[in-house]
Amino acid sequence: MAAATRGCRPWGSLLGLLGLVSAAAAAWDLASLRCNFGSFCECDFRPDLPGLECDLAQHLAGQHLAKALVVKSLKAFVQDPAPTKPLVLSLHGWTGTGKSYVSSLLAHYLFQGGLRSPHVHHFSPIIHFPHPSHIERYKKDLKSWVQGNLTACGRSLFLFDEMDKLPPGLMKVLQPFLGSSWVVYGTNYRKAIFIFISLVPHDFSNTGGEQINQVALEAWRSRKDREEIGLQELEPAISRAVLDNPHHGFWRSGILEEHLLDAVVPFLPLQRHHVRHCVLNELAQLGLEPQEEVVQAVLDSTTFFPEEEQLFSSNGCKTVASRIALFL
């Protein structure tokens, strides 16, 4: 049963929210939380799906597909008392469109400790896997880390950031954990959640008109409502682009080839009115009334692409907080 709603928080600075991940709770005694095999330990897993839906509806700008896919996938997974496999989501989109924000919200609304929970694990290629030449050691370490933490708590969340920068071949060690087998290496893992985050470049020249930004651009050019863009227009192109990219973390991992992803979640590029929404959210977080001159100054200092249309923010909402500080 879901915990009492923790409520919709003001959006605030994404950097501040994500900064909590570095404060992983070393003081927690994992041994005291260790589950007996087969006992489906919930640990501090306290899902608040109404709170998550509320936060997404109020603060995630311009992402109708992401909102719907994330909520639908989570509801089905959380409400299933005995899922047949872990929940595996792959988030794709240009910088500043909300991928990291959504992953941080999942931690906040699924675990009582949020990003501080010892059962939320965040991996960054720059921090954890910086040297491609050490790939074999990284494989052993990652397998051991995932297996050990799933033994400590079957309800664990694993976040893999910047999949486009991960050493190819590393993710292959995760393949056994993502399928529908009952156990792997003596560990029950079917209630775990895996989130993969990938950056999609905004270069239109080599995507064949099929990448996320190109689809959004063509919709705008044809005067098609953005909300009418469907997953069927994007998912095949995303999967194909990842499979054909030897520098992506999914390269020959078996994860896409074996159809282990439960959902490919596209994040559309943000337009001017979406950035305005982000500015107003940030001002509210600072306890300030809407200031049109500040909003306009931030918009005027933001770079938009493509060059001809000047339609999409090149940094999404990523630099909104820092830009606001310049104009207050």
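Every residue, even glycine, has its Cβ placed from backbone N, Cα and C.
Feature list (source: TrEMBL):
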SIGNAL    1-26  signal peptide
BINDING   GLY93, TRP94, THR95, GLY96, THR97, GLY98, LYS99, SER100  ATP binding site
DOMAIN    273-325  domain 'Torsin-1A C-terminal'
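For the binding-site residues GLY96, GLY98, the greatest number of Cβ atoms within 10 Å around a candidate Cβ is found at GLY98. Annotated ATP site GLY93, TRP94, THR95, GLY96, THR97, GLY98, LYS99, SER100; additional same-chain residues within 8 Å of its Cβ mean position, judged by their own Cβ, are TYR101, LEU199, PHE267, GLY316, LYS318.
Predicted-model confidence for the domain 'Torsin-1A C-terminal' (273-325) is 95, expressed as mean pLDDT. The number of other Cβ atoms within 10 Å of the Cβ belonging to TRP94 (ATP binding site), over all protein chains shown, comes to 25. The Cβ of GLY93 (ATP binding site) lies under 8 Å from the Cβ of ALA66, LYS99, LEU199, VAL200, ILE212, PRO266, PHE267, LEU268, PRO269, each on the same chain and at least six residues away in sequence. Around the Cβ of LYS99 (ATP binding site), a 10 Å sphere holds 26 further Cβ atoms from the protein chains shown. Neighbour density at the Cβ, taken as the number of other Cβ atoms within 10 Å, is lowest among the binding-site residues THR95, THR97, SER100 for THR95. Sorting each residue of the domain 'Torsin-1A C-terminal' (273-325) by its DSSP state yields 28 helix, 4 strand, 21 coil.
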